[in-house]
């Protein structure tokens, strides 16, 4: 980009009113203050100096020839913006409303750029050495609803194209020169202008953008829109390659050269972790200082009553269990709007793990009905089996043993396919990464050798062609009454585990064991510990099944079950606390 050649252009920027212009590689004028790219080209005043050229349009000028080796000058934030654009498009293709990309994610990203002092502020961090001041009045709530698109439906430009700013900012803005310090360094160490600086930047109180943060932005946007996609669904869609994440950089335009330090910023070779993305979601929401999110009400997909029904259907459990899960939700207060709604500006900002909580409620109901102590559930199964044999025309009683056998087989098959798919996953991108242009030929040669070896190996083992991408679905297990090979338990009765007492129904099981006897102290990093050997095989299977569905650690689900029990049996825990305090007093 040449600032000297752009000095002749004296018009004010339509976005920030500054008169500070540079030239892109295509010959377009761009504002060095807000990076707004105009449609005006540099005028060619003397064509005699340029051989073999023709004037095709008046006042259009001649596009500058792209240097294919150097490519565009671009910043790291623009790379993340392009990835967010691709992820938003993928979510749109999955059925999410266009408002998520056009309004919600647009405003979240713009607010992040200002809060992190990368754009929409005085002296962005990558244009001057002075510490910039964020203009807080630029992002009023009325401004959020009226601003034009940042991530355009038509294209994703290399620079931020829009964003209305306050009048005070227009009068106080000054032109900033593009930093020359990193130009020679970036040509060797990174493809982006600020790749080296960005990888070394550590500023207290600033949330640094990473690849996992892109998923946090997506989930925040989904949560704001109250879309029918949970965090576990989002991560599963990433795993199934419906949403760009692994090797997302290979979708960059050819002119955006990526090498050197950019490898560590955009290259990632690990699957996103549920707990990590959850924490980053809360972190980003707090950093952006977002207002209270729209209420999660009973008719919202993320409400536990609806999610419980969804997961009961998925794991082939009786529909009658839904009334029991709703009762637990009511008793624990987990269906209250204030409990479910995310409020980043609250004193203790935290959002609910909606999917994990719903599954934990189902586990608690299973313990209430069947105890899950490797004994009582099997005795109830014997009663159900005998009843079903004698009354084949009546509505069948739910048989826990038969359900366990069918689900165990389906679960093992599904998990084996999942493990095989993960083992076969090719982490290397089609677009090789390299540290410098010196390494470029070697990187491409190695990639070519790997592709050839894979083809030869496939021929030797006579492996069938890899199946195409699976169509996205909210369900991983499907159960229907028409399926003759597998029993569908949705319509089965819980009469074998319930007994009538007056006008109410009680469980035949009068016992209950707590998943956690004592919670860890507040300064500990976890709620409780989980060791499989300490629990029954039935309980282990239930946790493993649901953990696989949500792609989470078993210990995380065990913690959530313990928290549900703590709310449900609050009196029992309070009695234990009093006893422990009295013992301490006696010791003194």
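Every residue gets a Cβ built from N, Cα and C, even glycine.
Here is what Swiss-Prot says about this protein:
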| type | residues | note |
| --- | --- | --- |
| MOD_RES | 1 | N-acetylmethionine |
| ZN_FING | 4-39 | zinc finger |
| BINDING | 13, 16, 31, 34 | Zn(2+) binding site |
| REGION | 40-68 | region 'B-reader' |
| REGION | 69-73 | region 'B-linker' |
| REGION | 74-261 | region 'N-terminal cyclin fold' |
| REGION | 262-372 | region 'C-terminal cyclin fold' |
| MOD_RES | 440 | N6-acetyllysine |
Which of 16, 34 (the binding-site residues) has the most other Cβ atoms within 10 Å? 34
Tell me whether residue 34 (Zn(2+) binding site) sits in a helix, a strand or coil according to DSSP. coil
Other than its own, how many Cβ atoms are within 10 Å of the Cβ belonging to residue 13 (Zn(2+) binding site)? 22
Can you count helix, strand and coil residues in the region 'C-terminal cyclin fold' (262-372) using DSSP? 63 helix, 0 strand, 48 coil
